[in-house]
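Worksheet for the structure shown next.
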């Protein structure tokens, strides 16, 4: 019998493997992590809960880093994400002499990404199933809260809040929930949507319609259109769809503040403000031009008529916060994921990309930089690119029973 020359190292790896395996298979651990990652303005109901969650985020991040090192796990995507946040939180503010953004947001994003990565590395089927069930429970609870408290369970000065935060932040949780549940169905080889998938879809649809969240409605329409096309044709060009979304989005950004866009909509008898976003974009571009390379750090906003306004665009927000270098690093994250998906697409890859496409469309009119589940979706997309299981494209219902 041969013995390892590094018995201590092998013991540590064995214990870390056991911990990561047990955690990815435990719905209790997954639920506790989700409580922390789901931190929203609703948590202000209980004094100190937000602070406890911030401390828990740091602890979780350190724990996941230690487990990954012990298990000898590595990921290029996680490395690029880490590089971006190091630039955003440390390097860019030091070079520009600005105040850095809160490190808790970076901890949340990286901890969530590592949480997804470790779960998918050990028990992918069980992890996705448990996660989709937890998301379904949270989605249903958010819907019940909205129906019972139309004016919000908790209200701030200018907005009402439910479990997923205010009305505009709901899609930022619903879309990852739908992605996870569909990925779980596909990976497990299901022929039809699971109950968890239907709960996430119907809860998302009901909430965005009741509160009329335009970005959420657009995302659901994009996902539905792509998924129906996938069911019919069984495949499509991921690179083409991604290129069309990016070109259309940046064209919107370029023409939004311009006279050409304004004149076009006026000719149609419409208002071209996109609920005020075009004016915000124009002011943001001017703000960025004053510090284009390193950004403004925590001053990632503009003041219009004495009112603080965020950029209402993920890409413009990243540019404003961390400069051109930061935007290039952030864009490389997306490009890396898309190249992986397009290189060897599987049914699971197509299913995951349908949801990612909806998120990308909305990224041009809302900010997702610090919503942790967005990074979890990217990890899932990378996982699907290496899928060797007999994944499927599940149908909404069993068509045989309808005949």
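Each position is counted from 1, following the chain as shown.
Glycine residues also receive a Cβ, built from the backbone N, Cα and C atoms like all the rest.
Per TrEMBL, the feature domain 'O-antigen ligase-related' maps to 201-330.
Sequence-distant contacts of the transmembrane segment (18-37) (same chain, at least 6 residues past either end, Cβ-Cβ under 8 Å): 53, 56-57, 60, 67, 71, 73, 108, 111-112, 115, 118-123, 126-127, 130-131, 133-135, 138, 372-373. Sequence annotations record features per position, and here TrEMBL assigns transmembrane segment to 18-37 (among others).
Per TrEMBL, transmembrane segment is recorded for 49-70 (among others).
Look at TrEMBL and you will find 77-96 (among others) tagged as transmembrane segment. Away from its own ends, the transmembrane segment (77-96) comes close to residues 103, 106, 109-110, 113-114, 117, 291, 293-298, 321-323, 325-326, 329-330, 332-333, 336-337, 375, 378-379, 382 of its chain (Cβ-Cβ under 8 Å, at least six residues beyond either end).
If you look at the transmembrane segment (102-120), the same-chain residues 6 or more away from its ends with a CB under 8 A from one of its CBs are 20, 23-24, 30, 33, 37, 39, 54, 57-58, 60-61, 64-65, 67-68, 71, 73, 75, 77-78, 81-82, 85, 88-89, 127-128, 131, 298, 369-370, 372-376, 378-380, 383. Per TrEMBL, transmembrane segment is recorded for 102-120 (among others).
Positions annotated as transmembrane segment by TrEMBL: 127-149 (among others).
According to TrEMBL, the feature transmembrane segment maps to 199-230 (among others). Tertiary proximity for the transmembrane segment (199-230) is limited to same-chain residues at least six positions away from its ends with a CB under 8 Å from its CB atoms, namely 132, 135-136, 139-140, 142-143, 146-147, 150, 167-168, 170-171, 174-175, 177-178, 181, 193, 236, 241, 275, 350-351, 353-355, 357-359, 361-362, 365-366, 393.
The transmembrane segment annotation in TrEMBL covers 236-255 (among others). Within the same chain, residues 226, 229-230, 261, 281, 313, 315-316, 338, 341-342, 345, 349-350, 353, 357, 360-361, 363-364 sit at least 6 positions outside the transmembrane segment (236-255) and bring their C-beta atoms closer than 8 Å to a C-beta of that stretch.
Annotated transmembrane segment per TrEMBL: 324-342 (among others), in sequence order. A Cβ distance under 8 Å defines the sequence-distant neighbours of the transmembrane segment (324-342), meaning residues of its chain 6+ beyond its ends; these are 76-77, 80-81, 83-84, 87-88, 92, 237-239, 242, 292-295, 315, 318, 349, 352-353, 356, 360, 378, 381-382, 384-386.
Under the heading transmembrane segment, TrEMBL lists 348-365 (among others). Under 8 Å from some Cβ of the transmembrane segment (348-365) lie the Cβ atoms of residues 171, 175-176, 178-179, 182-183, 185-187, 215-216, 218-220, 222-223, 226-227, 230, 235-236, 238, 241-242, 245-246, 249-250, 252-253, 274, 277, 312-315, 334, 337, 341, 374, 377-378, 380-381, 384-385, 387, 389, 391, 393-394, all in the same chain and six or more residues away from its ends.
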The correct DSSP tally for the domain 'O-antigen ligase-related' (201-330) reads 87 helix, 6 strand, 37 coil
